[in-house]
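Structure record follows, encoded as structure tokens.
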Amino acid sequence: MDRSNKPSAIGVGASLPQPTLSIKDNVIEASLPSGQSVTVHLYGATVTSWKTNGKEQLFVSEKAHLDGSKPIRGGIPLVFPVFGPPPQNHATSSLPQHGFARNSNWEFLGKSSSEAPGRDGDQTDLTVKLDFGLSHSMLTEEFREAWPYEFGLVYSVTLTKDTLETALQVRNEGKQNFEFQTLMHTYLNIADISDIRIKNLESKTYVDKTLNATTHTESSPALAITQETDRVYQSLDPAVPIVVASAKDDQPLFSITREALNDVVVWNPWIEKAKGMADFGPDEAYKNMICVEAGSVSGWQTLEAGEAWEGAQSIKSRL
Ligand SMILES: O=P(O)(O)OC[C@H]1O[C@@H](O)[C@H](O)[C@@H](O)[C@@H]1O
């Protein structure tokens, strides 16, 4: 993941095609000349579409609320500063499930283009990065009271020829330390849940939220999803990709590497839970999604006054 943000040398006085950007009704869309595109709603800075070769790579529920009345059911909602229901007697206790980042209005900080060396020698691959910001003063009064810390978030969404990268920087801009959890709640679009296997989780410890949060060790080298699944895999090596592979030919459909996000949640609501979610639809759509969520959620990150932390994921898709 090169997020060095080198300014584009091409395009200055040259006629090479450049990334395009559109901003309409609080929705930002960027496209690369090679055809890939990404869409981000300012509500939650939620990535709601990522297309490569005209194919949608992210799942969004047909019943998702896109009007800012509810976190968006699909794409990549961002979880911060607490994952799941907040614990009692903690600084996050008064916040809603998964915190406030996914249900706050972010600001668009701008677009930057950069060039990466092309795969075939002298060719250059363009990338486009979109930055979004959220800080204490932008929160609703209710959230400001529930979590009264001076923080700054910068969320960067970078589109390359074959990857989507999302990076979150958390800054403590106040005088007191705070604790946080964060997670990129990625809904991957798949043709059929019975045709995928999740690899590189074998021998890893996980908490099974469908079994009273008991701890287990993964025995499968290629995990099939055959029922409601809600597992928090812990202490993974972020450089080892989590691979969602096709069961038919064992080829990767998605490959996810991370930086400083050592936990991975695997979630599929399955039949009954899907039916029970008012914003999930159609009912059968649980077959077309798998959430593989890179995060830092099994403990708390403590951020001291003036300090910053950064975590990131890079999702590569089969083109
Ligand atoms: O319905 P929400 O708040 O978007 O959460 C969806 C799921 O998100 C997952 O990350 C959690 O592990 C699940 O327990 C939860 O059900």
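Backbone N, Cα and C atoms are what each Cβ position is placed from, and that goes for glycine too.
Any TrEMBL annotation is an automated prediction that lacks curation.
Taken from TrEMBL as is:
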type	residues	note
ACT_SITE	His185	active site
ACT_SITE	Glu293	active site
BINDING	Arg73, Gln97, Arg102	substrate binding site
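Put simply, of the recorded positions Arg73, Gln97, Arg102, His185, the one whose Cα is nearest the Cα of Glu293 (active site) is His185. A Cβ distance below 6 Å to any atom of ligand 1 is met, among the binding-site residues Arg73, Gln97, Arg102, by Gln97. Across the residues annotated as binding substrate (Arg73, Gln97, Arg102), the two Cα atoms farthest apart lie 14 Å from each other. Under a cutoff of 8 A between CB atoms, and with a sequence separation of 6+ in the same chain, the neighbours of Arg102 (substrate binding site) are Gly44, Thr46, Pro71, Ile72, Pro77, Leu78, Val79, His185. When secondary structure is read from DSSP and collapsed to three states, Arg102 (substrate binding site) falls in the helix class. Other than Arg73, Gln97, Arg102, the residues of this chain whose Cβ falls within 8 Å of the Cβ centroid of the substrate site are, in sequence order, Lys70, Pro71, Ile72, Pro77, Val79, His98, Asn103, His185.
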